[in-house]
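One structure below.
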Amino acid sequence: MARSALTDPLPRQAILMADDDDDDVYVARRAFAKAEIANPFFRVSDGGELLDFLHRRGEYADPATAPRPGLILLDLNMPGMDGREALTRIKDDPTLRRIPLVVFTTSSDVADVADSYDRGANSYITKPVGMAGMVRAAIIIQNYWFGLVSRAD
Amino acid sequence: MTSDDGQRLRAVIETAVDGVILIDADGTVQTFNKACETLFGYAAAEVVGRNVRMLMPEPYHGQHDGYLRRYLDTGERRIIGIGREVAARRKDGSVFPIELSVGEAQQGDDRSFVGIIRDITARKQAEQELSDSLERLRAVIDTAVDGVILIDADGTVRTFNKACETLFGYPADEVVGRNVRMLMPEPYHGQHDEYLRRYLDTGERRIIGIGREVAARRKDGSVFPIELSVGEAQQGDDRSFVGIIRDITARKEAETALLLHTRELERLNRTLKRQSEDLERSNSELRLFASAASHDLKEPLRKIRTFGDFLLSEYGDRLDEDGQRYVEVMVDGATRMGRMIDGILAYSRAGLAELEIGEVDLAELWHAVCCDLDIQVEEAGAVISAEELPVVEGDAARLHQVFQNLLSNALKYRSPHRPLRISITAERRAAVPGRDECVISIADNGIGFEQAFAEAIFEPFKRLQGRKGVDGVGLGLALCHRIVRLHTGTIEAEGRPDGGATFRVVLPLRQEVRHG
């Protein structure tokens, strides 16, 4: 029986945000909600948790609560393993490197931008200030990564 | 004597190597042998029968007759039976030294004399040469700059040259004949005899043939450093030693001074290294601080702005006009503080990293700056004119910051009463020989400033205007100043209230290569 687009939509791919700042995560969640983006939204607080999530280790062993994400939003400055190191590890890992990874950080330092691309980031976005900017960013990110580009998964 | 004996004797005389002359009591030559013919250049026939004085130069020539007579009268001998060195004259008149021994023969009343003559020209010459070379050697030794001491195997001084007299303060006669250890301080003084003995016994060398630095003692008891080289001379069983002495006081002092200088230099180097490490550390701390400031200091501000913005957009309708204004002021303050932090960061970063020197086409750079600010230029309705601009050596990104700030300033501080005109001009000059520079002037017809503030405006956070209507944090010109200074250039401002402002940036065309 054919699936109805209305009643039985394709399972949406998850968005995984790695950020230690609860407020930023709150703002991001609000912005994605306001933009009516229905992708499941998951969050980890540092590089170590991010890799555990992706490798389904420890508390992230259950695929239901730790699905393979369709997009990673990665903060650079985090305690423990920071975003730079996590970025390198993900892009060095053949099983993870095709997951689109967007650096999503407060830094606008050109050195950070260049370094992130060198490590294999797919995009670099400086967090917009204010709700309007955040909502606009959420819409663009969703449209681009889940609508426009050809994906490898 | 038989005639055979006479025959044999004549043969002996004729073949003798030495000259043989027989004279009678009058001095008349009776016999003149072959050797004599060779020695004097006369044939026997030319001499026999003539007075023997013909073979003598003066004074012998004139004195011989008298001498012979006196001897016959008184028996006083000067040469007979003795032999001595005298001078003889050849046929050609030349004079040569001979060793002459004379014997007397008496047969009855008949007295005659036999002279045996040996040419000692070669020996004399050798003696002369020896004495000449000894003289020369003595002269060399005496005029030598180095001290020369000759001692025998007992250590007794035989020669003490002039240089030694100067070095030690002793005249030679106070030293010659005494033991050389008088010139040595302890421990050498006490050890020298023993050392010399051991060397002569065992051949064990400490200094002979080697040379080393030792101490010497002057007559006044003072001790001074010398470089001593000792050579050995052996003549038969006679061993003697030659010491060449050089006063190395000056060299020692120079070495000591050099050592002190080297130590001082090393100390300075260590200090410099420590300071440079301190500087490097404080620079890296500053970088760390800048990085922390960029992230951690701005984080709370971002929160204020973000949530202030939420408050306005989501709860704005529940706030009255005052409440909305309060939030706006808060957000505005946080925004300004964020920009200030960015400004401080840019200012401090400008002085931290090395300049990246390259060719910078100022015309291209100015064009890029105008493009960056095109919205503001349009908003201000500014008319910008640019003359031909030179290519200079410099850090393109930082020079971009300079001109962007200057253009931004001109745009900000425009007059509301007239259309804004901005011009950029360049002029080359050679301020100092070998240093070509260009003066870039950016002039506007904006609100200007009091000339009295022309220097103060380059200080950080210095603002001549209230914030009203003009944004910025008061770091732009300080940043310009810092960057231009890093390029070994200068920047100055000229203004009149409501009469426009001109900023002059002087940049050298070439940057000296600086090594980090």
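Cβ coordinates come from backbone N, Cα and C, glycine included.
TrEMBL annotations: computationally assigned, not manually curated.
Because the structure is a prediction, the values reported are computed rather than measured.
Record features, source TrEMBL:
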type   : residues  : note
COILED : B:251-285 : coiled coil
DOMAIN : B:5-75    : domain 'PAS'
DOMAIN : B:82-132  : domain 'PAC'
DOMAIN : B:133-203 : domain 'PAS'
DOMAIN : B:210-260 : domain 'PAC'
DOMAIN : B:292-511 : domain 'Histidine kinase'
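In terms of DSSP secondary structure, the domain 'PAS' (B:5-75) contains 41 helix, 12 strand, 18 coil. The DSSP breakdown of the domain 'PAS' (B:133-203), given as helix, strand and coil counts, is 41 helix, 12 strand, 18 coil. Here the domain 'PAC' (B:210-260) has, by DSSP, the following mix of helix, strand and coil residues: 12 helix, 29 strand, 10 coil. Contacts between the domain 'PAS' (B:133-203) and the domain 'PAC' (B:210-260): present, as 3 or more C-beta pairs lie under 8 angstroms, all at sequence separation of six or more. Count of Cβ pairs under 8 Å against the domain 'PAS' (B:5-75): among B:82-132, B:210-260, B:292-511, the largest is for B:82-132.
Confidence annotation: the domain 'Histidine kinase' (B:292-511) carries a mean pLDDT of 86 in the model.
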